[in-house]
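Visitor: Structure in structure tokens, see below.
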Amino acid sequence: MRKRTNASVSAPGDGVSIHKSFQEDSKQAASQLPSSKKIFVICLIFRMINSLFVQTYFNPDEHWQALEVAHRITFGYGHLTWEWTKGIRSYLHPMLFAVLYKVLSILHLDTPLFMIKAPRLLQSMLSAFGDLYLFKLSHVLYGAHVAQWALFAQLTNWFMFYCITRTLSNSLETVLTVVSLYYWPCMRINSSHGQSVSRTWALVTSAMACAIRPTSAIIWVYVGLMELFVSHDRLKYIFLQVLPIGSIVLGLTFLLDRLMYGSWVLVPLNFLKFNFLSSGGDYYGTHPWHWYFTQGFTVIIFTFLPFMVVGIIQSKHWKLSGLILWVLGLYSILGHKEFRFVLPVLPIALSFSGYSLATLSPQYLTNKKIKKPTSTRTKASWKIQAAVFFLVATNVPMAIYMSMVHQRGTEDVMNYLAKEARQGNVESILFLTPCHATPYYSTLHQNLPMRFLDCSPSDVKGNLDESDRFMMDPIGFISEFAKNWSQPSHIILFNNEEKHLKYFLLSHSFEERKRFFHAHFKVDRDLQSSVVVYALK
């Protein structure tokens with residue numbers, strides 16, 4: 001591999017001297033650092049504990065597009081949402097959890113506890129690899145000292161703690177993104193700097209990310225073109241690496257989807273048509289173009305934001321900072337926006353935060369081999385202690401509150417119903433909530449009749465789905481609905497709908513059985529402070 005140098009190495013300014021100082025210290029500090037195996041074990045233990053802390057409901061896709069599909073594959077029952085009938089989802093990601101469920105089934109461990117905890121524990125193991133590779137990427141780019149602070153930022157950021165161990169496809173996409181960036185030669189300041197690079201592994205992991213989430217191509221178009229620009233063997237890169245590896249990975253994914261769908265389905269093409277060409281994602285709400293810059297990304301990076309900005313300026317690694325801007329810019333074009341969509345670039349931003357934190361520490365003065373008076377070193381020590389205290393004090397409470405308190409009722413109610421159903425106390429369930437507000441068969445794990453209010457997009461513009469009609473007129477909807485229902489043994493609803501339906505429920509011989517706290521404040525609709533279980537007397 002030929003030696004390549006990033007323009008930032010020769011750029012003038014104090015940031016270059018900082019960067020050279022970190023790089024010169026890299027070899028010496030590396031000998032004092034724990035091995036990659038020890039770093040991984042630390043991250044693994046942390047993420048497994050992290051996954052046990054996560055007890056709240058964040059996004060329906062965590063259950064409905066991963067675990068519910070996996071449960072259907074393994075146990076033969078589970079609900080497939082409209083995305084699967086339209087063929088805009090690949091079975092590659094759910095298959096990961098289908099294998100886990102199969103192992104639990106063989107070992108007779110498919111109990112409510114394991115069915116709830118095991119999938120996030122599996123994702124926590126994968127997430128630990130993402131943490132390790134962020135450490136390795138930061139180490140090879142900036143040196144050992146920065147790598148330690150980048151890992152600190154990764155492990156203490158509230159949104160990473162809240163989201164990365166969830167079974168969202170975005171979580172696995174984020175892990176694959178960090179792993180792939182480590183191997184891309186064009187992302188290195190010096191591709192021959194004491195570390196191996198492999199375009200093969202880079203392409204395999206980026207192709208897998210695209211297979212799991214087609215929108216991941218936004219990242220890899222930027223990186224791939226960057227590699228093409230700096231590469232000295234462009235024909236080999238295109239014809240002997242990009243095309244063969246991309247064809248093999250995506251081809252195997254097409255074969256898996258052919259097996260599971262029963263016909264040839266080109267998921268990336270269907271995904272592109274629905275989300276980009278027809279703006280189908282807008283059905284679930286839109287945001288202004290600047291949302292990621294003013295709210296979305298700023299919320300998830302939170303108090304690490306100023307440190308990221310300083311780190312970008314000091315490191316002068318414009319390729320990686322440009323990738324963040326590229327992703328935020330292109331996602332801003334789409335009407336439908338979510339926090340989790342930009343999760344894959346959050347670790348990159350946190351590595352920049354780690355860079356600026358490293359410059360605040362007394363060790364930085366030692367690394368530069370500059371003789372400074374004791375007062376200067378004391379001041380540097382005070383600065384890093386204040387920064388760490390500020391970041392921990394703002395992120396840790398947020399992480400714990402969001403992971404253990406906010407919107408936990410819909411998880412708790414299904415955990416309760418799973419135990420009741422296992423004891424034979426549940427015959428059928430009706431969910432009078434906004435659609436996909438709770439987990440489903442993957443948590444209940446009993447093949448009982450269940451019904452929720454449908455919210456599939458209509459081909460006729462302006463048509464209201466069941467969920468919308470219920471929210472507009474709860475008593476009118478349920479009165480009409482009850483004319484043809486098979487009366488359920490249990491009804492689940494939020495407290496703000498309960499006040500409209502209390503008389504209806506009592507008149508149909510239902511009584512309150514259990515109430516679960518859900519949230520202190522509203523998110524995208526009226527406050528849903530509790531989830532209520534009604535059962536036939």
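The backbone N, Cα and C atoms fix where each Cβ goes, glycine too.
Pulled these features from TrEMBL for this protein:
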| type | residues | note |
| --- | --- | --- |
| TRANSMEM | 91-111 | transmembrane segment |
| TRANSMEM | 132-152 | transmembrane segment |
| TRANSMEM | 201-225 | transmembrane segment |
| TRANSMEM | 237-256 | transmembrane segment |
| TRANSMEM | 289-313 | transmembrane segment |
| TRANSMEM | 320-336 | transmembrane segment |
| TRANSMEM | 342-365 | transmembrane segment |
| TRANSMEM | 386-404 | transmembrane segment |
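Would you situate these features in the structure and describe their surroundings?
Guide: Listed as Cβ neighbours of the transmembrane segment (237-256) (distance under 8 Å, sequence separation of 6 or more from its ends, same chain) are residues 90-92, 95, 199-200, 203-204, 207-208, 210-211, 224, 227-228, 231, 264-268.
Beyond the transmembrane segment (342-365), the same-chain residues lying 6 or more positions past its ends with a Cβ under 8 Å from any Cβ of the stretch are 18, 21-22, 130, 134, 137-138, 141-142, 145-154, 157, 159-160, 163-164, 170-171, 173-174, 177-178, 181, 209, 216, 219, 292, 296-297, 300-301, 304, 307-308, 310-312, 314-315, 317, 320-321, 323-324, 327-328, 331, 372, 376-377, 380-381, 383-384, 387-388.
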Visitor: Residues sitting near the transmembrane segment (386-404): Cβ under 8 Å, six or more positions beyond its termini, same chain?
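Guide: Sequence-remote neighbours of the transmembrane segment (386-404) are 53-56, 152-153, 156-158, 161-162, 302-304, 307, 357, 360.
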Visitor: Can you work out which residues elsewhere in the same chain, 6+ from the ends of the transmembrane segment (320-336), have a Cβ less than 8 Å from its Cβ atoms?
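Guide: Distant contacts of the transmembrane segment (320-336): 141, 181, 187, 218-219, 222-223, 275-276, 279, 281-287, 289-293, 297, 312, 342, 344-345, 348-349, 351-352.
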